[in-house]
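The structure under discussion appears below in the form of structure tokens.
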Amino acid sequence: GLFVTDYFTRTPRKLSPFRSFASIELFHFHIPEDTVIAVWNLITFKEQGGTFGDQCPDRSITVYFRSGAPSVINPLHTHFPRDTAVPGSFALTLTWTLPNRTTGVFNVTSPLPGDWFLAAHLPKDDGKISVKGLYEECQYLFQPQLIVQRLVNIAVLYPGHVTEQSMAPHNRSCLYKVFVPSYTSRVLVEVLQCRGAEGCPFWLRVRAKAPPLHNSTTLDCREHTPCQLAQDLPFWQHWYYVLVEKHPGVPGTISFQVTVQLTDCSRPSLARPPFLPSSASMNMPHSFGSAGGLALGDSPPPTSPNDTKHPVSIPVTSHGGERCWPVRPTLRNELDTFSVHFYIFFGPNVSVPPDRPAVFVINLLPVLDSGGVLNLELRLNVSSLCGENVTVFGCLNHEVPLTSGDNTSVTCETESLAGFLLSVNATASLSRLRIPYPQTGSWYLSLRSLCAAEHGFEPCTNVTAEVYLRAYLSPCINDCGIYGQCKLLRTNNYLYAACECKAGWNGWGCTDNAEAFSYGFQLLSTLLLCLSNVMFVPPVAIAVRSHYLLEAAVYIFTMFFSTFYHACDQPGIVVFCIMEYDVLQFCDFLGSLMSVWVTVIAMARLQPIVKQASVLYLLGAMLLSMALQMDRHGLWNLLGPSLFALGIMAVAWTARTIRRRHCYPPTWKRWAFYLCPGALIAAAAVLLYAFVETEENYFYIHSIWHLLIAGSVGFLLPPRAKPSRRLGPLPRRKGCGYQLCVNEQEELGLVDPAVASINSICTS
């Protein structure tokens, strides 16, 4: 055949350590039909500071692959919520082959067409809280590329028509495809009239949706005459691929014929069922009971208890036709993103008769619905059983309805189909099923009532069970509970939802409490973070006593908003918010930076030098507000204003030192008992904040940070002048109408600037 190669690529993205599904990077691809091979080229490289990260440690990268919907992953081996079905996926771990780059290759032969999703993440880290911008962070970038090779002009088989084919000696196989419409109960492929070789030296392989593989349904035509391969309960609205493969070592040209027969119970010309229930018996209007809306069922014929029929889950052929049952549609009501309710006409109470199943269909839209959770709930009305030991079984299958044809072994699986089984009875009247990230398309629910017998189950007599049925699509399981937050995420144009857990809770629905914080621990951490701000009371008292009223107001502002910000920032249930979280966070950060700013400016004693020193306070407030709005967690938001204020203080102190020709402040007691201890305490606080703080020790390390910062302010704030005697006049210089006086105590740094500015003006 003729092959066409297509290339697809995605933009590199930074990978994050795994905490929850919200921390993974998701990539969406689309594989076209008739693809024979798909090759993913997985490129990973390191970066640090805009260059190659040769010095970055090697961290393994895990990549997950799944067709139809995102992978449901569990790398931390946590517990899933009850009644949750976990679909499978394939995982691949990449190791580093070069210092800063590695490449992995993942091949899929005959992949299923449609949407494919890749999820990638780094291993879980140690939870260290790093200050943004403190050092160049190692970044691990991941870029997947997809190369597909697909066949064009594959021969199409038409049901009921014979196709002639000749296979040349150099050819190994011939590939065909046939479309299977809805309400098809069976696909029968047959190879006829093999000529040119002894017998019929072919393998006949059939597969749905994609070309057959070595493990697909296979028949050796040499051992079976006639060479017929049947597929019961095929997928509806899909292509089926037929591969006729020649045995090795067969010379010459071989001619043969291929034909396909489809059994369709909805068309009487192909298969007329012996019995069709009336619309009234199914509690449905006549418009839903026509032959055009029928699905396969299997009302089992009466059998003796000693019947040795093998348990199979396929429609029962009896007396020349297939038994068929109407499919009841559901009404789709979209409330919000991933919030969809499926209402049943004349529901939600459903009557399940004893002699036939009730079949319903739930349609999930392509791409749009695969990022949520499909929820199904069955509740049995026990009063409708009339005292009988009745069990209602439900089979949920994708793309084709399925009900068990055996009473003793109730199952929702066949060799080619896998479904989900639900059951309710008088003892357990409620059953739930949750499917995270379901595959899109049609989901069929088949309900059937059976009565308990000595050897399994048997059909009930004259008992119609009533079941409450609820089906809906939600973003997350139970909205992630009280210890989680359901987040709506986006990758390019694809939306999906995931839980982000807190307070030590884990799992897909934040229900795993193996590492959860107790209530006492949550209360203790909240009290420590809040009450540690009381340490700002002594600096406020010192500032008021020294007439630093503006500084005292800033400290009160910081203490208030830091207390209530940490009360609102807690991960558990011990939370108290007086304002919006963003407002509290902004005010807490602004108050912290302003406290540093006003303290250093006060230490500079600028009033005699700069007559309007309050301009610096206002300028600092405006610049800090702008910086916090740009990047609230940046390192330079803390260092920039602090270094600028320290620079102003250094210039002011240097000017005084040069003018006095003596070190400023002049007393060793000021350095030994105030400035040096205050600076050491502040430096210890910064080191704890930048290098020691982690997620596990946050509540007490950050509380110590509060204590140290508030304590350092008490040491560093300059004292108020307390003159013990009135100073005599010093040598003066004459001015225009005034005497300019020099206050010696102000020069020594012992007098409050406000007092000095008044006392130093002497009228001539």
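Including glycine, each Cβ sits where the backbone N, Cα and C put it.
Annotated in TrEMBL:
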DOMAIN    499-510  domain 'EGF-like'
TRANSMEM  516-536  transmembrane segment
TRANSMEM  548-567  transmembrane segment
TRANSMEM  573-597  transmembrane segment
TRANSMEM  609-628  transmembrane segment
TRANSMEM  634-655  transmembrane segment
TRANSMEM  671-692  transmembrane segment
TRANSMEM  698-717  transmembrane segment
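For the transmembrane segment (573-597), the most Cβ-contacting stretch among 548-567, 671-692, 698-717 is 548-567 (pairs under 8 Å).
Between the transmembrane segment (698-717) and the transmembrane segment (634-655) there are fewer than 3 Cβ pairs closer than 8 Å, counting only residues 6 or more apart in sequence, so the two stretches are not in contact. Here the domain 'EGF-like' (499-510) has Cβ contacts under 8 Å with residues 19-22, 72, 74, 76, 78-81, 84, 436, 476-478, 480-481, 483-487, 516-517, 522, 571-573 of the same chain, all six or more residues outside its ends.
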